[in-house]
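Novice: Before anything else, here's the structure in question.
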Amino acid sequence: MYSSSSTVPKRVTLIHVLAIQLLLINSELSLNTTNAYLNHKCLVSQGKYKPGSKYEQRLKFIIKRFYSVSNKGYEGFGDSTLSAIIQCRGDSYGPKCHDCFATAFAALRRRCPWYKGRIIWYDQCLLSIDAKYSIGQIDYNNNFCMSNAKKLGGDKFAFIITWNTFMDNLTTLAVDNNTNKLTPFYSAGKTWFKGDMLYGMVQCTIDLNPKACWECMVFNSIHFQHCLNDKRGARFMSRSCTFRFEFYPFLAKHVQNI
């Protein structure tokens, strides 16, 4: 009788431990496996193309090429009449990038049918198609900002200094990573703000040079100050660069203290 009663707590304990382990594993996986749709833009001013046109033929050629190389995380093409770029988040290369690209292109066809110019943002990737040469150029017009509904409260000025310094440091790392063929123009890290850990990420598209990456980050951080300054989490995204900060880990790896 005693032996049977003593085994019950052991089994319960084992099940409890396994449940906690599974919860932790699922929590970690959810950090970088979600791929939420964020925004899109049909570039109406660039007009539409006709079925069977030369533009459509060239677009199909580029999309087919992107499908074959999307696992590497980025690809770009550009000439005077058509430019396109696929850029996946720095921790979402490989099959995740391929899947995100397939999802993004299907969504663009549905949301912006026959438009020559169109952009779509997902959590794990960006797909941009342009009816002009835009490779290597900063896009100042197609951008947006999303923020946590909760305001930070407390010392707003101190937080503005913290997140600006944090973004500058992450941008420096991203530019330094430009020589890294695996994750160019990408960095992620964490820093402290008044006893709370702040997590962040910076990324520029691979077609930019280091100076343009810096300029894109500075422009958008100033342009979207109202969205960033006193929020408990926010991100700005453009065709050319992105910055995000949260008071919780939103990537699988924020290993670097900044």
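Heads up, the Cβ atoms here are built off N, Cα and C, so glycines get one too.
According to TrEMBL, the domain 'Gnk2-homologous' annotation covers 37-134, 140-250. Sequence annotations record features per position, and here TrEMBL assigns signal peptide to 1-30.
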Novice: Along the domain 'Gnk2-homologous' (140-250), what average pLDDT does this model show?
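Specialist: Over the domain 'Gnk2-homologous' (140-250), the predicted model scores a mean pLDDT of 93.
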Novice: Which residue counts does DSSP give the domain 'Gnk2-homologous' (37-134) for helix, strand and coil?
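Specialist: So the domain 'Gnk2-homologous' (37-134) is made up of 36 helix, 37 strand, 25 coil.
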Novice: If you run through the domain 'Gnk2-homologous' (140-250) with DSSP, how many residues end up as helix, strand and coil?
Specialist: 42 helix, 36 strand, 33 coil
